[in-house]
(Lines of atoms letter the chains of each structure in order from A and count residues from 1; the text may use other names and numbers.)
(Lines give C-alpha, C1' and ligand atoms only; values in the text may rest on other atoms or scores of the structure.)
Protein backbone atom coordinates (compact mmCIF):
# COMPACT_ATOMS: atom_id res chain seq x y z
CA UNK A 1 0.00 0.00 0.00
CA UNK A 2 1.19 3.52 -0.78
CA UNK A 3 1.56 4.93 2.69
CA UNK A 4 0.82 1.85 4.73
CA UNK A 5 -1.26 3.77 7.22
CA UNK A 6 1.36 6.50 7.34
CA UNK A 7 3.28 5.32 10.44
CA UNK A 8 3.09 8.77 11.99
CA UNK A 9 5.23 9.30 15.05
CA UNK A 10 3.21 11.59 17.23
CA UNK A 11 1.11 11.24 20.33
CA UNK A 12 -2.53 11.03 19.43
CA UNK A 13 -5.08 12.74 21.60
CA UNK A 14 -7.28 10.57 23.77
CA UNK A 15 -11.02 10.43 23.12
CA UNK A 16 -11.69 12.60 26.19
CA UNK A 17 -9.25 15.28 25.00
CA UNK A 18 -10.86 15.31 21.54
CA UNK A 19 -14.32 15.57 23.13
CA UNK A 20 -13.13 18.47 25.30
CA UNK A 21 -11.74 20.36 22.30
CA UNK A 22 -14.89 19.79 20.25
CA UNK A 23 -17.14 20.84 23.13
CA UNK A 24 -15.41 24.22 23.38
CA UNK A 25 -16.89 25.11 20.00
CA UNK A 26 -20.50 24.99 21.23
CA UNK A 27 -20.41 27.54 24.06
CA UNK A 28 -22.76 29.91 22.25
CA UNK A 29 -25.28 27.12 21.65
CA UNK A 30 -25.75 26.01 25.26
CA UNK A 31 -29.44 27.15 25.40
CA UNK A 32 -30.24 24.96 22.37
CA UNK A 33 -28.36 22.04 23.95
CA UNK A 34 -30.37 22.51 27.15
CA UNK A 35 -33.58 22.34 25.11
CA UNK A 36 -32.39 19.18 23.33
CA UNK A 37 -31.61 17.56 26.69
CA UNK A 38 -35.00 18.59 28.12
CA UNK A 39 -36.91 17.21 25.14
CA UNK A 40 -34.78 14.06 25.14
CA UNK A 41 -35.31 13.38 28.85
CA UNK A 42 -39.06 13.85 28.57
CA UNK A 43 -39.11 11.75 25.39
CA UNK A 44 -37.27 8.77 26.87
CA UNK A 45 -39.28 8.92 30.09
CA UNK A 46 -42.43 8.95 27.95
CA UNK A 47 -41.22 5.93 26.00
CA UNK A 48 -40.50 4.02 29.20
CA UNK A 49 -43.81 5.13 30.70
CA UNK A 50 -45.91 3.60 27.89
CA UNK A 51 -45.35 -0.11 28.79
CA UNK A 52 -45.33 0.81 32.48
CA UNK A 53 -48.74 2.47 32.15
CA UNK A 54 -50.00 -0.52 30.17
CA UNK A 55 -48.97 -2.79 33.03
CA UNK A 56 -50.56 -0.40 35.53
CA UNK A 57 -53.81 -0.56 33.54
CA UNK A 58 -53.70 -4.37 33.45
CA UNK A 59 -53.10 -4.62 37.19
CA UNK A 60 -55.82 -2.06 37.85
CA UNK A 61 -58.22 -4.10 35.73
CA UNK A 62 -57.35 -7.27 37.65
CA UNK A 63 -57.87 -5.43 40.91
CA UNK A 64 -61.26 -4.13 39.81
CA UNK A 65 -62.20 -7.69 38.84
CA UNK A 66 -61.23 -8.83 42.33
CA UNK A 67 -58.37 -11.00 41.09
CA UNK A 68 -55.63 -8.88 42.68
CA UNK A 69 -55.43 -7.30 46.10
CA UNK A 70 -52.99 -5.19 48.07
CA UNK A 71 -51.46 -3.72 44.92
CA UNK A 72 -49.28 -0.64 45.38
CA UNK A 73 -50.22 1.63 42.45
CA UNK A 74 -48.63 4.88 41.37
CA UNK A 75 -52.13 5.96 40.24
CA UNK A 76 -54.20 4.80 43.19
CA UNK A 77 -57.26 6.91 42.40
CA UNK A 78 -57.32 6.41 38.60
CA UNK A 79 -59.43 3.88 36.77
CA UNK A 80 -58.41 1.73 33.81
CA UNK A 81 -59.80 4.13 31.21
CA UNK A 82 -57.94 7.08 32.74
CA UNK A 83 -54.66 5.19 32.69
CA UNK A 84 -55.20 4.06 29.08
CA UNK A 85 -56.07 7.64 28.07
CA UNK A 86 -52.92 8.89 29.75
CA UNK A 87 -50.92 6.21 27.90
CA UNK A 88 -52.25 7.45 24.54
CA UNK A 89 -51.39 11.07 25.41
CA UNK A 90 -47.86 10.04 26.46
CA UNK A 91 -47.41 8.05 23.23
CA UNK A 92 -48.38 11.08 21.11
CA UNK A 93 -46.13 13.35 23.18
CA UNK A 94 -43.26 10.92 22.67
CA UNK A 95 -43.39 11.55 18.92
CA UNK A 96 -43.35 15.34 19.27
CA UNK A 97 -40.61 15.23 21.93
CA UNK A 98 -38.39 12.98 19.80
CA UNK A 99 -38.78 15.30 16.80
CA UNK A 100 -37.97 18.37 18.93
CA UNK A 101 -34.88 16.70 20.39
CA UNK A 102 -33.56 15.66 16.97
CA UNK A 103 -34.30 19.10 15.52
CA UNK A 104 -32.28 20.80 18.27
CA UNK A 105 -29.42 18.30 17.98
CA UNK A 106 -29.12 18.66 14.21
CA UNK A 107 -29.46 22.44 14.41
CA UNK A 108 -26.44 22.40 16.73
CA UNK A 109 -24.56 19.90 14.57
CA UNK A 110 -24.88 21.68 11.23
CA UNK A 111 -24.31 25.09 12.80
CA UNK A 112 -21.05 23.79 14.28
CA UNK A 113 -20.02 21.96 11.09
CA UNK A 114 -20.31 25.24 9.19
CA UNK A 115 -18.16 26.91 11.86
CA UNK A 116 -15.55 24.13 11.72
CA UNK A 117 -15.36 24.28 7.92
CA UNK A 118 -14.87 28.03 8.18
CA UNK A 119 -12.05 27.57 10.71
CA UNK A 120 -10.42 24.83 8.65
CA UNK A 121 -10.37 27.07 5.56
CA UNK A 122 -8.88 29.87 7.68
CA UNK A 123 -6.22 27.39 8.84
CA UNK A 124 -5.51 26.35 5.25
CA UNK A 125 -5.11 29.99 4.22
CA UNK A 126 -2.62 30.35 7.06
CA UNK A 127 -0.76 27.15 6.18
CA UNK A 128 -0.76 27.49 2.39
CA UNK A 129 0.80 27.54 -0.09
CA UNK A 130 3.65 25.69 1.65
CA UNK A 131 1.13 23.17 2.97
CA UNK A 132 0.12 22.02 -0.51
CA UNK A 133 3.74 21.37 -1.45
CA UNK A 134 4.03 18.56 1.12
CA UNK A 135 0.45 17.43 1.85
CA UNK A 136 -1.48 15.13 -0.43
CA UNK A 137 -4.44 17.03 -1.80
CA UNK A 138 -6.65 13.97 -1.61
CA UNK A 139 -5.96 13.84 2.12
CA UNK A 140 -6.94 17.49 2.51
CA UNK A 141 -10.12 16.89 0.51
CA UNK A 142 -10.94 14.02 2.86
CA UNK A 143 -10.47 16.27 5.90
CA UNK A 144 -12.58 19.05 4.39
CA UNK A 145 -15.45 16.76 3.42
CA UNK A 146 -15.90 13.36 5.05
CA UNK A 147 -13.88 14.01 8.24
CA UNK A 148 -15.80 17.17 9.09
CA UNK A 149 -19.08 15.50 8.10
CA UNK A 150 -18.38 12.63 10.51
CA UNK A 151 -18.25 15.14 13.38
CA UNK A 152 -22.02 15.43 12.92
CA UNK A 153 -22.27 12.15 14.86
CA UNK A 154 -20.60 13.77 17.85
CA UNK A 155 -22.61 16.98 17.87
CA UNK A 156 -26.01 15.51 16.95
CA UNK A 157 -25.84 12.09 18.63
CA UNK A 158 -23.34 12.30 21.49
CA UNK A 159 -23.51 15.48 23.57
CA UNK A 160 -27.18 15.53 24.52
CA UNK A 161 -27.55 11.70 24.64
CA UNK A 162 -24.92 11.52 27.39
CA UNK A 163 -26.74 14.13 29.49
CA UNK A 164 -30.10 12.55 28.69
CA UNK A 165 -28.87 9.11 29.72
CA UNK A 166 -27.59 10.37 33.08
CA UNK A 167 -30.81 12.23 33.91
CA UNK A 168 -33.18 9.49 32.70
CA UNK A 169 -31.28 6.72 34.48
CA UNK A 170 -31.21 8.76 37.69
CA UNK A 171 -34.98 9.31 37.50
CA UNK A 172 -35.60 5.61 36.87
CA UNK A 173 -33.36 4.57 39.74
CA UNK A 174 -35.44 6.81 42.02
CA UNK A 175 -38.57 5.14 40.60
CA UNK A 176 -37.18 1.67 41.34
CA UNK A 177 -36.17 2.77 44.83
CA UNK A 178 -39.85 3.56 45.43
CA UNK A 179 -40.41 -0.21 45.33
CA UNK A 180 -37.13 -1.40 46.92
CA UNK A 181 -33.56 -0.13 47.21
CA UNK A 182 -32.05 -3.41 45.94
CA UNK A 183 -33.94 -3.08 42.64
CA UNK A 184 -32.53 0.44 42.27
CA UNK A 185 -29.01 -0.89 42.93
CA UNK A 186 -29.42 -3.61 40.31
CA UNK A 187 -30.67 -1.04 37.78
CA UNK A 188 -27.72 1.25 38.57
CA UNK A 189 -25.19 -1.55 37.96
CA UNK A 190 -26.94 -2.56 34.73
CA UNK A 191 -27.02 1.02 33.42
CA UNK A 192 -23.36 1.55 34.27
CA UNK A 193 -22.31 -1.65 32.52
CA UNK A 194 -24.33 -1.08 29.33
CA UNK A 195 -23.87 2.70 29.12
CA UNK A 196 -20.29 3.07 30.38
CA UNK A 197 -18.27 -0.16 30.51
CA UNK A 198 -19.35 -1.60 27.14
CA UNK A 199 -18.75 1.60 25.09
CA UNK A 200 -15.43 2.32 26.83
CA UNK A 201 -14.11 -1.19 26.15
CA UNK A 202 -15.35 -1.10 22.56
CA UNK A 203 -13.84 2.34 22.02
CA UNK A 204 -10.52 1.17 23.45
CA UNK A 205 -10.47 -1.85 21.15
CA UNK A 206 -11.59 0.00 18.03
CA UNK A 207 -9.76 3.33 18.40
CA UNK A 208 -6.62 2.35 16.46
CA UNK A 209 -8.69 0.62 13.80
CA UNK A 210 -10.83 3.75 13.38
CA UNK A 211 -7.73 5.90 12.92
CA UNK A 212 -6.27 3.41 10.44
CA UNK A 213 -9.55 3.34 8.50
CA UNK A 214 -9.69 7.15 8.15
CA UNK A 215 -6.01 7.32 7.13
CA UNK A 216 -6.49 4.62 4.52
CA UNK A 217 -9.63 6.33 3.27
CA UNK A 218 -7.53 9.47 2.74
CA UNK A 219 -4.95 7.40 0.87
CA UNK A 220 -7.73 6.07 -1.32
CA UNK A 221 -8.98 9.60 -2.03
CA UNK A 222 -5.46 10.71 -3.02
CA UNK A 223 -4.94 7.63 -5.18
CA UNK A 224 -8.24 8.04 -7.04
CA UNK A 225 -7.66 11.79 -7.50
CA UNK A 226 -4.21 11.35 -9.03
CA UNK A 227 -5.43 8.43 -11.16
CA UNK A 228 -8.26 10.53 -12.61
CA UNK A 229 -5.91 13.41 -13.34
CA UNK A 230 -3.46 11.09 -15.07
CA UNK A 231 -6.03 8.91 -16.85
CA UNK A 232 -4.80 9.88 -20.33
CA UNK A 233 -1.19 8.93 -19.53
CA UNK A 234 -2.32 5.70 -17.85
CA UNK A 235 -4.28 4.66 -20.94
CA UNK A 236 -1.63 5.81 -23.39
CA UNK A 237 1.18 3.92 -21.64
CA UNK A 238 -0.86 0.78 -21.05
CA UNK A 239 -0.58 1.17 -17.29
CA UNK A 240 -4.27 0.52 -16.65
CA UNK A 241 -3.97 -3.06 -15.36
CA UNK A 242 -1.24 -2.18 -12.87
CA UNK A 243 -3.18 0.86 -11.68
CA UNK A 244 -6.28 -1.31 -11.32
CA UNK A 245 -4.25 -3.80 -9.29
CA UNK A 246 -3.11 -0.98 -7.00
CA UNK A 247 -6.71 0.18 -6.65
CA UNK A 248 -7.73 -3.37 -5.74
CA UNK A 249 -4.94 -3.50 -3.15
CA UNK A 250 -6.07 -0.20 -1.63
CA UNK A 251 -9.70 -1.40 -1.61
CA UNK A 252 -8.86 -4.72 0.04
CA UNK A 253 -6.82 -2.99 2.72
CA UNK A 254 -9.70 -0.60 3.38
CA UNK A 255 -12.12 -3.53 3.42
CA UNK A 256 -9.94 -5.25 6.04
CA UNK A 257 -10.15 -2.28 8.39
CA UNK A 258 -13.90 -1.95 7.79
CA UNK A 259 -14.35 -5.65 8.62
CA UNK A 260 -12.57 -5.16 11.93
CA UNK A 261 -14.86 -2.24 12.78
CA UNK A 262 -17.88 -4.37 11.85
CA UNK A 263 -16.68 -7.16 14.17
CA UNK A 264 -16.27 -4.71 17.05
CA UNK A 265 -19.76 -3.36 16.34
CA UNK A 266 -21.26 -6.86 16.35
CA UNK A 267 -19.40 -7.68 19.58
CA UNK A 268 -20.73 -4.53 21.24
CA UNK A 269 -24.33 -5.12 20.20
CA UNK A 270 -24.23 -8.76 21.26
CA UNK A 271 -22.75 -7.92 24.65
CA UNK A 272 -25.32 -5.14 25.12
CA UNK A 273 -28.27 -7.45 24.41
CA UNK A 274 -26.87 -10.19 26.65
CA UNK A 275 -26.36 -7.66 29.44
CA UNK A 276 -29.94 -6.39 29.16
CA UNK A 277 -31.26 -9.97 29.16
CA UNK A 278 -29.23 -10.90 32.23
CA UNK A 279 -30.26 -7.69 34.02
CA UNK A 280 -33.92 -8.41 33.29
CA UNK A 281 -33.60 -12.01 34.48
CA UNK A 282 -31.72 -10.84 37.55
CA UNK A 283 -34.43 -8.32 38.34
CA UNK A 284 -37.13 -10.98 37.97
CA UNK A 285 -35.32 -13.33 40.36
CA UNK A 286 -34.67 -10.48 42.80
CA UNK A 287 -38.28 -9.28 42.84
CA UNK A 288 -39.60 -12.84 43.27
CA UNK A 289 -37.26 -13.24 46.24
CA UNK A 290 -38.49 -9.94 47.67
CA UNK A 291 -42.10 -11.08 47.14
CA UNK A 292 -41.44 -14.33 48.98
CA UNK A 293 -39.97 -12.35 51.86
CA UNK A 294 -43.00 -10.05 51.91
CA UNK A 295 -41.03 -6.96 50.88
CA UNK A 296 -42.75 -6.56 47.52
CA UNK A 297 -46.17 -7.14 46.02
CA UNK A 298 -47.12 -8.84 42.77
CA UNK A 299 -47.54 -5.42 41.19
CA UNK A 300 -43.93 -4.60 42.11
CA UNK A 301 -42.68 -7.68 40.27
CA UNK A 302 -44.66 -6.83 37.14
CA UNK A 303 -44.08 -3.09 37.02
CA UNK A 304 -40.35 -3.07 37.84
CA UNK A 305 -39.69 -5.91 35.40
CA UNK A 306 -41.50 -4.28 32.47
CA UNK A 307 -40.05 -0.86 33.31
CA UNK A 308 -36.47 -2.13 33.54
CA UNK A 309 -36.72 -4.02 30.26
CA UNK A 310 -38.04 -0.93 28.46
CA UNK A 311 -35.66 1.56 30.11
CA UNK A 312 -32.40 0.71 28.36
CA UNK A 313 -32.96 2.87 25.26
CA UNK A 314 -30.73 5.78 26.47
CA UNK A 315 -27.93 3.40 27.52
CA UNK A 316 -28.21 1.40 24.28
CA UNK A 317 -27.84 4.68 22.37
CA UNK A 318 -24.61 5.37 24.27
CA UNK A 319 -23.32 1.83 23.75
CA UNK A 320 -24.00 2.00 20.01
CA UNK A 321 -22.26 5.37 19.82
CA UNK A 322 -18.91 3.71 20.53
CA UNK A 323 -19.02 2.16 17.04
CA UNK A 324 -19.43 5.45 15.20
CA UNK A 325 -17.25 7.36 17.67
CA UNK A 326 -14.25 5.22 16.72
CA UNK A 327 -14.41 6.88 13.30
CA UNK A 328 -15.62 10.22 14.64
CA UNK A 329 -12.71 10.62 17.06
CA UNK A 330 -10.28 9.61 14.29
CA UNK A 331 -11.80 12.34 12.12
CA UNK A 332 -11.75 14.77 15.05
CA UNK A 333 -8.06 14.03 15.56
CA UNK A 334 -7.30 14.82 11.91
CA UNK A 335 -9.37 18.02 11.90
CA UNK A 336 -7.85 19.26 15.18
CA UNK A 337 -4.34 18.40 13.95
CA UNK A 338 -4.93 20.59 10.91
CA UNK A 339 -6.30 23.43 13.05
CA UNK A 340 -3.33 23.18 15.45
CA UNK A 341 -0.64 22.83 12.79
CA UNK A 342 1.95 25.57 12.86
CA UNK A 343 2.38 27.56 9.67
CA UNK A 344 5.74 27.34 7.93
CA UNK A 345 5.53 31.12 7.50
CA UNK A 346 3.55 33.45 9.75
CA UNK A 347 1.87 36.34 8.01
CA UNK A 348 3.04 39.80 9.04
CA UNK A 349 0.09 41.89 10.16
CA UNK A 350 -0.34 45.58 9.53
CA UNK A 351 0.15 47.74 6.48
CA UNK A 352 2.61 50.39 5.39
CA UNK A 353 2.09 53.35 3.11
CA UNK A 354 2.29 52.56 -0.57
CA UNK A 355 5.90 52.79 -1.67
CA UNK A 356 7.67 52.57 -5.00
CA UNK A 357 9.72 49.47 -5.69
CA UNK A 358 13.39 50.36 -5.14
CA UNK A 359 15.09 46.98 -5.13
CA UNK A 360 14.95 43.43 -3.81
CA UNK A 361 18.21 42.11 -2.39
CA UNK A 362 18.76 38.39 -1.98
CA UNK A 363 21.64 38.32 0.49
CA UNK A 364 23.62 35.07 0.91
CA UNK A 365 20.46 32.96 1.01
CA UNK A 366 20.45 29.22 1.64
CA UNK A 367 17.39 27.00 1.59
CA UNK A 368 16.68 23.29 1.74
CA UNK A 369 13.78 20.85 1.70
CA UNK A 370 14.66 18.75 4.71
CA UNK A 371 18.22 17.46 4.24
CA UNK A 372 18.28 18.34 0.53
CA UNK A 373 19.95 21.70 -0.12
CA UNK A 374 18.35 23.68 -2.97
CA UNK A 375 20.04 27.07 -2.75
CA UNK A 376 23.38 27.72 -1.09
CA UNK A 377 24.77 31.17 -0.27
CA UNK A 378 22.82 32.71 -3.17
CA UNK A 379 23.03 36.48 -3.73
CA UNK A 380 21.20 38.63 -6.28
CA UNK A 381 20.23 42.30 -6.42
CA UNK A 382 17.03 42.98 -8.39
CA UNK A 383 16.80 46.61 -9.52
CA UNK A 384 13.71 48.45 -10.83
CA UNK A 385 12.69 48.46 -14.49
CA UNK A 386 14.82 45.45 -15.34
CA UNK A 387 14.14 42.01 -16.75
CA UNK A 388 16.17 39.44 -14.82
CA UNK A 389 16.41 36.07 -16.56
CA UNK A 390 17.14 32.97 -14.47
CA UNK A 391 18.18 29.66 -15.98
CA UNK A 392 19.68 26.40 -14.82
CA UNK A 393 19.13 22.64 -14.90
CA UNK A 394 15.92 21.10 -13.55
CA UNK A 395 15.93 20.82 -9.77
CA UNK A 396 18.47 23.57 -9.19
CA UNK A 397 15.94 25.72 -7.31
CA UNK A 398 14.64 28.19 -9.91
CA UNK A 399 10.97 27.82 -8.95
CA UNK A 400 11.90 27.68 -5.27
CA UNK A 401 13.76 30.96 -5.65
CA UNK A 402 10.61 32.71 -6.92
CA UNK A 403 8.59 31.23 -4.04
CA UNK A 404 11.14 32.57 -1.58
CA UNK A 405 10.71 36.02 -3.14
CA UNK A 406 6.96 35.59 -2.52
CA UNK A 407 7.76 34.39 1.02
CA UNK A 408 5.96 31.09 0.65
CA UNK A 409 8.83 29.87 2.84
CA UNK A 410 11.42 31.65 4.94
CA UNK A 411 15.08 31.25 4.07
CA UNK A 412 17.22 29.00 6.28
CA UNK A 413 20.16 31.38 6.37
CA UNK A 414 20.75 34.83 4.93
CA UNK A 415 17.93 37.26 4.22
CA UNK A 416 15.81 38.77 1.46
CA UNK A 417 15.18 42.51 1.58
CA UNK A 418 12.44 44.45 -0.18
CA UNK A 419 13.16 48.19 -0.20
CA UNK A 420 15.78 47.58 2.53
CA UNK A 421 13.21 45.88 4.78
CA UNK A 422 13.62 42.21 5.72
CA UNK A 423 10.90 40.19 4.00
CA UNK A 424 10.16 38.48 7.33
CA UNK A 425 9.10 41.88 8.70
CA UNK A 426 7.37 43.17 5.57
CA UNK A 427 3.54 43.30 5.89
CA UNK A 428 2.07 40.41 3.92
CA UNK A 429 -0.73 42.52 2.43
CA UNK A 430 1.81 44.99 1.02
CA UNK A 431 3.99 42.18 -0.29
CA UNK A 432 1.07 40.70 -2.24
CA UNK A 433 0.32 44.12 -3.75
CA UNK A 434 3.95 44.64 -4.74
CA UNK A 435 4.44 41.22 -6.38
CA UNK A 436 2.65 39.13 -8.99
CA UNK A 437 3.54 35.46 -9.34
CA UNK A 438 2.65 33.13 -12.18
CA UNK A 439 3.57 29.49 -11.62
CA UNK A 440 4.26 26.83 -14.24
CA UNK A 441 0.75 25.40 -13.84
CA UNK A 442 -2.06 27.93 -14.12
CA UNK A 443 -4.97 27.05 -11.86
CA UNK A 444 -8.34 27.80 -13.43
CA UNK A 445 -11.59 27.68 -11.49
CA UNK A 446 -15.11 26.74 -12.47
CA UNK A 447 -16.71 29.98 -13.62
CA UNK A 448 -16.47 32.42 -16.52
CA UNK A 449 -13.24 33.49 -18.19
CA UNK A 450 -13.95 37.01 -16.95
CA UNK A 451 -14.20 35.78 -13.35
CA UNK A 452 -11.01 33.74 -13.70
CA UNK A 453 -8.99 36.72 -14.90
CA UNK A 454 -10.61 39.10 -12.39
CA UNK A 455 -9.24 37.02 -9.49
CA UNK A 456 -6.21 39.30 -9.75
CA UNK A 457 -8.39 42.38 -9.19
CA UNK A 458 -11.92 41.69 -8.02
CA UNK A 459 -13.26 45.17 -8.82
CA UNK A 460 -11.74 45.31 -12.31
CA UNK A 461 -13.89 46.66 -15.12
CA UNK A 462 -14.39 44.75 -18.35
CA UNK A 463 -12.12 47.25 -20.14
CA UNK A 464 -9.31 46.51 -17.68
CA UNK A 465 -9.80 42.76 -18.10
CA UNK A 466 -9.77 43.05 -21.89
CA UNK A 467 -6.63 45.20 -21.78
CA UNK A 468 -4.85 42.56 -19.66
CA UNK A 469 -6.04 39.80 -22.00
CA UNK A 470 -4.71 41.68 -25.03
CA UNK A 471 -1.29 41.98 -23.40
CA UNK A 472 -1.38 38.22 -22.79
CA UNK A 473 -2.37 37.57 -26.44
CA UNK A 474 -5.54 35.73 -25.38
CA UNK A 475 -8.17 38.39 -26.22
CA UNK A 476 -8.73 37.28 -29.82
CA UNK A 477 -9.25 33.67 -28.76
CA UNK A 478 -11.75 34.70 -26.06
CA UNK A 479 -13.72 36.84 -28.50
CA UNK A 480 -13.91 33.90 -30.92
CA UNK A 481 -16.00 32.03 -28.34
CA UNK A 482 -19.78 32.36 -28.56
CA UNK A 483 -20.11 34.01 -25.14
CA UNK A 484 -16.74 35.76 -25.12
CA UNK A 485 -15.59 36.67 -21.62
CA UNK A 486 -18.78 35.15 -20.17
CA UNK A 487 -17.85 31.69 -21.43
CA UNK A 488 -18.09 29.15 -18.60
CA UNK A 489 -14.90 27.18 -17.99
CA UNK A 490 -15.02 23.53 -17.02
CA UNK A 491 -13.24 22.16 -13.96
CA UNK A 492 -9.49 22.94 -14.03
CA UNK A 493 -9.96 24.62 -17.40
CA UNK A 494 -10.65 21.36 -19.21
CA UNK A 495 -11.17 22.05 -22.91
CA UNK A 496 -8.44 24.70 -23.05
CA UNK A 497 -4.95 24.00 -24.28
CA UNK A 498 -1.94 24.39 -22.02
CA UNK A 499 -0.96 27.56 -23.86
CA UNK A 500 -4.43 29.08 -23.47
CA UNK A 501 -4.46 28.36 -19.75
CA UNK A 502 -0.99 29.86 -19.46
CA UNK A 503 -2.03 33.05 -21.23
CA UNK A 504 -5.04 33.46 -18.93
CA UNK A 505 -2.55 33.23 -16.06
CA UNK A 506 -0.44 35.94 -17.68
CA UNK A 507 -3.55 38.10 -18.09
CA UNK A 508 -4.03 37.84 -14.34
CA UNK A 509 -0.48 39.08 -13.77
CA UNK A 510 -1.00 42.04 -16.10
CA UNK A 511 -4.33 42.88 -14.44
CA UNK A 512 -2.79 42.72 -10.96
CA UNK A 513 -0.53 45.57 -12.11
CA UNK A 514 2.16 45.09 -9.47
CA UNK A 515 5.63 46.61 -9.74
CA UNK A 516 7.43 43.27 -9.46
CA UNK A 517 6.32 40.40 -11.72
CA UNK A 518 7.65 36.89 -11.08
CA UNK A 519 7.17 34.49 -13.99
CA UNK A 520 7.95 30.77 -13.86
CA UNK A 521 8.29 29.36 -17.40
CA UNK A 522 5.67 31.77 -18.81
CA UNK A 523 6.10 30.63 -22.42
CA UNK A 524 6.73 26.89 -21.96
CA UNK A 525 3.37 25.96 -23.56
CA UNK A 526 3.30 28.66 -26.25
CA UNK A 527 4.07 28.41 -29.94
CA UNK A 528 6.66 30.72 -31.51
CA UNK A 529 4.07 33.28 -32.68
CA UNK A 530 2.35 33.70 -29.32
CA UNK A 531 5.70 33.59 -27.52
CA UNK A 532 6.87 36.53 -29.63
CA UNK A 533 3.71 38.52 -28.83
CA UNK A 534 4.05 37.83 -25.09
CA UNK A 535 7.74 38.72 -25.00
CA UNK A 536 7.06 41.98 -26.82
CA UNK A 537 4.46 42.92 -24.19
CA UNK A 538 6.81 41.94 -21.36
CA UNK A 539 9.49 44.17 -22.84
CA UNK A 540 7.02 47.04 -22.90
CA UNK A 541 5.95 46.33 -19.31
CA UNK A 542 9.59 46.48 -18.20
CA UNK A 543 9.57 50.24 -18.91
CA UNK A 544 7.55 50.70 -15.72
CA UNK A 545 7.91 47.36 -13.93
CA UNK A 546 10.51 44.85 -12.80
CA UNK A 547 10.31 41.31 -14.15
CA UNK A 548 12.04 38.17 -12.87
CA UNK A 549 11.78 35.50 -15.52
CA UNK A 550 12.57 31.79 -15.10
CA UNK A 551 12.89 29.88 -18.37
CA UNK A 552 14.72 27.10 -20.19
CA UNK A 553 14.14 28.75 -23.56
CA UNK A 554 16.96 30.84 -24.98
CA UNK A 555 14.43 32.73 -27.11
CA UNK A 556 12.62 33.81 -23.93
CA UNK A 557 15.78 34.78 -22.07
CA UNK A 558 16.91 37.05 -24.93
CA UNK A 559 14.64 39.84 -23.70
CA UNK A 560 16.37 39.83 -20.28
CA UNK A 561 18.64 42.73 -19.32
CA UNK A 562 20.55 40.35 -17.09
CA UNK A 563 20.71 36.55 -17.15
CA UNK A 564 21.94 34.61 -14.12
CA UNK A 565 22.55 30.95 -13.48
CA UNK A 566 20.47 29.73 -10.55
CA UNK A 567 22.77 28.97 -7.65
CA UNK A 568 25.70 30.87 -9.15
CA UNK A 569 24.52 34.49 -9.06
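From the backbone N, Cα and C atoms, a Cβ is placed for every residue, glycine too.
Just so you know, TrEMBL annotations never went through curation; they're auto-generated.
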Per TrEMBL, the range holding transmembrane segment, considering 232-250, 251-269, 270-288, 327-345: 270-288
130-153, 154-177, 202-225 - the range that TrEMBL marks as transmembrane segment: 154-177
Stated TrEMBL location of transmembrane segment, expressed as one of 183-201, 354-372: 183-201
Proximity of the transmembrane segment (183-201) to the transmembrane segment (300-321), 3+ C-beta pairs under 8 angstroms: yes
Tertiary contacts of the transmembrane segment (29-57), as residues 6+ beyond its ends and Cβ separation under 8 Å: 73-75, 80, 83-84, 86-87, 90-91, 93-94, 97-98, 100-101, 104-105, 107-108, 111-112, 159-161, 163-164, 167-168, 171-172, 302-303, 306-307, 309-311, 313-314
Long-range Cβ neighbours of the transmembrane segment (154-177) (under 8 Å; 6 or more residues past either end): 19, 22-23, 26, 33, 36-37, 40-41, 44-45, 48, 101-102, 104-106, 108-109, 112-113, 183-184, 186-188, 191, 195, 304, 307-308, 311, 314-315, 317-318, 321, 324-325, 328, 332
Sequence-remote partners of the transmembrane segment (270-288) [C-beta within less than 8 Å, at least six residues beyond its ends]: 180, 182-183, 186-187, 189-190, 193-194, 198, 296, 300-301, 304-305, 308-309, 312, 316, 319-320
Within-chain partners of the transmembrane segment (300-321) [C-beta distance under 8 Å, separation at least 6 from its ends]: 44, 47-48, 50-52, 54-56, 58-59, 72, 153, 157-158, 161-162, 164-165, 168-169, 172, 175-176, 179-180, 183, 187, 190-191, 194-196, 198-199, 202, 268-269, 272, 276, 279-280, 283-284, 287-288, 290-291
